[in-house]
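J.: Have a look at this one before I ask anything.
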Amino acid sequence: MKNRLLFLGPPGAGKGTQASLICKDQGFLHLSTGDLLREEVSGGTDLGKKAELIMNKGELVSDEIVISIVEKRLIKYSEGWLLDGFPRNLAQASLLQNLLGRISQPIEIVLLIEIDDEILTERMLGRGRKDDNKAVIKNRLKIYKDQTSPLVDHYKKQGILKSINGCGSVEDVNSRIKEALS
């Protein structure tokens, strides 16, 4: 299995759940930008306070904030990692590619988890996060489609993109992911 992975997909697609399973199984570092940002928010850091205002509106946190958090983690860990939730747009992909080039850790495979908007909304409302409500979810899905979708073409052109269906049980989706990554 490849050991430098990137998971793409809309919010609520199960990226975090699947990333945790793959990382536990393979011993990889799981870098979830959403979790990293929530840690900053719960820690009450200056970055966390800025991020909270942005996240509560359903908007994306600035590239500079996110890349600096990711960089700190990757510099300390080079064995195997999975990025979940970053990059979300071509500008972030460029920043990430520059960072990974500097530390000689290029992405080996990008996995796109695809799923229907109605299922996504149900899943997100069921998570119980304070930044998940119907208006915020609708805005997040629109932002995803507008800004993140071009990444599919970007990584497809690089020959490192694989897509899987994210519907079904956690176990079924995990089996599809393992097959795609082998």
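Placed from the backbone N, Cα and C atoms, the Cβ positions cover glycine too.
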J.: For the ATP site that Swiss-Prot lists with Gly12, Ala13, Gly14, Lys15, Gly16, Thr17, Gly168, give the additional residue from the candidates Arg38, Arg73, Arg127.
T.: Arg127
J.: Of the residues Arg102, Arg129, only one is listed by Swiss-Prot in the AMP site with Thr33, Arg38, Glu59, Leu60, Val61, Gly85, Phe86, Pro87, Arg88, Gln92, Arg140. Which is it?
T.: Arg129
J.: Using C-alpha atoms, which one of the binding-site residues Thr33, Glu59, Phe86, Arg88, Arg129 comes nearest to Gly12 (ATP binding site)?
T.: Arg129
J.: What three-state secondary structure does DSSP assign to Glu59 (AMP binding site)?
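T.: Reduced to three states, the DSSP call for Glu59 (AMP binding site) is coil.
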J.: Tell me the Cβ neighbour count for Gly14 (ATP binding site), meaning other Cβ atoms within 10 Å of its Cβ, over all protein chains shown.
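T.: Excluding its own Cβ, Gly14 (ATP binding site) sees 23 Cβ atoms within 10 Å.
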